[in-house]
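Colleague: Can you read through this structure? Questions will come right after.
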Amino acid sequence: MALSFAVVASSSSIMCKAINANNHSHLQDLSYIKRAALISDKSAGFTSPHPNFGCVIVTPSVEVVGEGYLYAQGTKPAEVLAVEAAGERCRGATAYVNMEPGDCHGDDTAVSALVQAGITRAVIGMRHPLQHLRGNAIRALRSQGLQVDVLGEDMQSKLVEEAQKACLLVNLPFVHRAASRVPFSVLKYAMTLDAVKYMGHFRQCFLDGIGKIAASSGHAAWISSKLSRNRVFELRGRSDAIIVGGNTVRRDSKYHEHHLCPFGNKVADPRLTARHGGGHMPIRIVLSQSLDLPEEANLWDLSDVSTVVVTQRGARRSFQRYLASKGVEVVEFDILNPRDVMEYFHDRGYLSILWECGGTLAASAISSGVIHKVFAFVAPKIIGGKNAPSPVGELGMVEMSQALDLIDVCFEQIGPDMLISGFLQPIPDLTPTIPSEDETFAIDPTVAPFETSIIFFYKTWDLYGAFSNFSPHPIQMPDEDGNYVTWFSVEHYYQANKFIGVSNPLAQDCIDKIKSAKSPEEAARMGRLTQRRQPHL
């Protein structure tokens, strides 16, 4: 690293100026790494099951000339977009990335883009959490002559730790999934201010069932403000799935008969959608042991997004057939418990789950150790009632000293409400130790790394994180005239092919929209919606 300083009388003065210059450069590095993490978060929810990647390119004259982030699974890598934006100014520049590129097997697009563009230095916020990818891109960049600095390894300080944390938080679902073999789960609820006398124990009271999440009758409409509800829609849009329990479905279906748009503690609207009109929509999951659910519920309407009902084996076979006729997927477990359910959805490739359930299921999930973070929206309202439901049911605690303490608690005012958030479990180590297949087999020969009993996939999670219709590889396929046409991904071609050959202007319009979709997920959503709403096409 070049240092610029004026000639002065003593060597000690020169050393002082050199150190200050180095510190200034160090602070710049951390600032740009945080910027890379910030822009990577723009695509939260879209990139799953892959991480959020951001890249910032800075010239030796300290000018940002290119930025990019992974928009969605199957789109151009962040590094490629940043290089394209910077053009020839990449020569001799430094690339800042929040996470080591996760180039899949046989695909070194991100690394090649940086090398061929003339980047001479790369600063990486954290190594890739997956063992089969960890360190590969770093070694590849160094083998091409680039200087590679990794936060916490080549750069260490208190400020470095803060920048590391920023990189970690933006990919927390991915890190948790890699470290614990379950999706990152967030418990969200809204509650009244009935817990005010316990303000001195704010970190604990939200898990002790003191505040109220509904009236004694069960009615829970409009507990929190519109601004808080908009935040909930944002949380949904960042999640792969939303979980509710059977009680929530029964209660909200009942009140939906009397209210045009109920917004309760657990369900912002009976459809459990993100309400942003396009792009990523989380899958809806209903957990019900008895399957005592209403026949009429908006969750059974699959025109916008799919629903999965999880139940105990043998429960209400006739109702299972009814749900199947609606297109709802039913998954049975011998014994229904949150841990087994989360491990199952981990195997299906889910990174993050938002729990919007009632107190009984919330307590069961917490007791099972599958809840990682809590979002509690506290409204300045008092409703009272000794029988009014609480956000968390019985946990078996009899003294305040037994209460669960939240970690890294944050307080944020949203309109008239207060949002309190914090972690129930420590954040995993930046580079979790994940046993290899050989190591796992040596410990337990009965463990298979990939089960073949998975009955359904939307986005696959394979060894290299790429083998699916959503893989970021364009394909060329012949059209009706025999001419080869390039499609952005297999999913683009697959969805458009549903409507090819239909002599209807709507079908051709749908094909054109699918072909120009920005990501495989958006292409899939367009094709599925058209197929459901206009089956004649």
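Cβ atoms here come from the backbone N, Cα and C positions, even for glycine.
According to TrEMBL, the protein carries these features:
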DOMAIN    27-149  domain 'CMP/dCMP-type deaminase'
REGION    518-537  region 'Disordered'
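On this model, are these features tucked inside or out on the surface, and what's nearby?
Modeller: Here the domain 'CMP/dCMP-type deaminase' (27-149) has a mean pLDDT of 92 out of 100.
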Colleague: List the helix, strand and coil residue totals of the domain 'CMP/dCMP-type deaminase' (27-149) as derived from DSSP.
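Modeller: Split by secondary structure, the domain 'CMP/dCMP-type deaminase' (27-149) comes out as 47 helix, 22 strand, 54 coil.
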Colleague: What are the DSSP helix/strand/coil residue counts across the region 'Disordered' (518-537)?
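Modeller: For that range the per-state counts are 14 helix, 0 strand, 6 coil.
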